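Engineer: My questions all concern the structure below.
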Amino acid sequence: MQEAQVRVAIAGANGRMGRQLIQAALAMDGVALGAALVREGSTLLGADAGELAGTGATGVTLKSNLEAVKDDFDVLIDFTRPEGTLAYLAFCRAHNKGMVIGTTGFDDAGKAAIHETATAIPVVFAANFSVGVNVMLKLLEKAAQVMGDYTDIEIIEAHHRHKVDAPSGTALAMGEAIAGALNKDLKSCAVYAREGYTGERVPGTIGFATVRAGDIVGEHTAMFADIGERIEITHKASSRMTFANGAVRAALWLKAQKKGFFDMRDVLNLNDL
């Protein structure tokens, strides 16, 4: 393995994503696992992060205090909950650390706090870190530019039963990509629920439908439907490792940035396509 270019800390290390982020960090060239964090009072405190993730001992033990590991990492990767993420964000700003944020479910104030913090430190904030999803977002922009003015646009997403926010952050990012390509504000054209007598579909709206069931990792479809034909652009994830690998890749890229707000399209250099 190459010498480490970036040392990462993983928040929520005991969760499903946390364990896969540990695996991804240990496997990726140029990356070293510097710290792994769990909540205060966890029974896993002091356990080896690698053994927790099933990769073997690493010498990195689980801790709950960021202050204790502040000299052990350059970039914090966080896929937890909004309230925890914002606390981590304040710490990273105070100690000049980069941050990769995969947490979803932020309100407008939370998003504004992330943008404001990015004026001081480098932040990658994305609803989805999969390469395929971010290519899909670019395809949606192109499709919307050609067909968006005259088709009915619907976004359908499905996730596992444990997901707590809806629509998913990825579905909202899809809506924002489409609305942006049409010079619209998603808030003004989104329809999130239909029930009872709804009347005919309002032209120019973007509909959302949500499924929560079983162990679905993540499925997203955008439909551009006209009379006589429709286009459907779909992404299906079968493993969370695709998100973990993308997030660690983002951390490696972020180490070279001084400050600023970025998403995965910046990391993958998709904005000029």
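Any Cβ shown, glycine's included, is placed from N, Cα and C.
Keep in mind it's a predicted model, so treat the numbers as computed, not measured.
Copied straight from Swiss-Prot:
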ACT_SITE  His159  active site, proton donor/acceptor
ACT_SITE  Lys163  active site, proton donor
BINDING   Gly12, Ala13, Asn14, Gly15, Arg16, Met17, Gly102, Thr103, Thr104, Ala126, Ala127, Asn128, Phe129  NAD(+) binding site
BINDING   Arg39  NADP(+) binding site
BINDING   His160, Gly169, Thr170  (S)-2,3,4,5-tetrahydrodipicolinate binding site
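In terms of burial and nearby residues, how do these features look in this structure?
Structural biologist: In sequence order, Ser168, Val211, Arg212, Ile216, Val217, Gly218, Glu219 make up the list of same-chain residues 6 or more apart from His159 (active site, proton donor/acceptor) whose Cβ falls under 8 Å from its Cβ. In the three-state DSSP assignment, the secondary structure recorded for His159 (active site, proton donor/acceptor) is strand.
Counting Cβ atoms from all protein chains shown, Lys163 (active site, proton donor) has 16 others lying within 10 Å of its own Cβ.
In this structure, Asn14 (NAD(+) binding site) belongs to neither helix nor strand by DSSP; it is coil.
Sequence-distant neighbours of Arg39 (NADP(+) binding site): residues of the same chain at least 6 apart with a C-beta under 8 Å from its C-beta are Ser64.
A 10 Å cutoff on Cβ-Cβ distances gives Thr170 ((S)-2,3,4,5-tetrahydrodipicolinate binding site) a total of 27 other Cβ atoms nearby, all chains included.
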Engineer: Just to be sure I understand the packing, how many Cβ atoms besides its own are within 10 Å of the Cβ of Arg16 (NAD(+) binding site)?
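Structural biologist: I get 14 for this one.
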Engineer: For Thr104 (NAD(+) binding site), identify the closest of the binding-site residues His160, Gly169, Thr170, judging by Cα separation.
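Structural biologist: Result: the closest of the binding-site residues to Thr104 (NAD(+) binding site) is Gly169.
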Engineer: Taking only same-chain residues 6+ apart in sequence, whose CB is under 8 Å from that of Gly12 (NAD(+) binding site), what do you get?
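Structural biologist: For Gly12 (NAD(+) binding site), the qualifying residues are Gly18, Leu37, Val38, Asp78, Phe79, Thr80, Gly84.
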Engineer: For Gly169 ((S)-2,3,4,5-tetrahydrodipicolinate binding site), which residues of its chain lie six or more apart in sequence with Cβ-Cβ distance below 8 Å?
Structural biologist: Thr104, Gly105, Ala127, Asn128
Engineer: Cα of Lys163 (active site, proton donor) to Cα of Arg16 (NAD(+) binding site): how many Å, rounded?
Structural biologist: 12
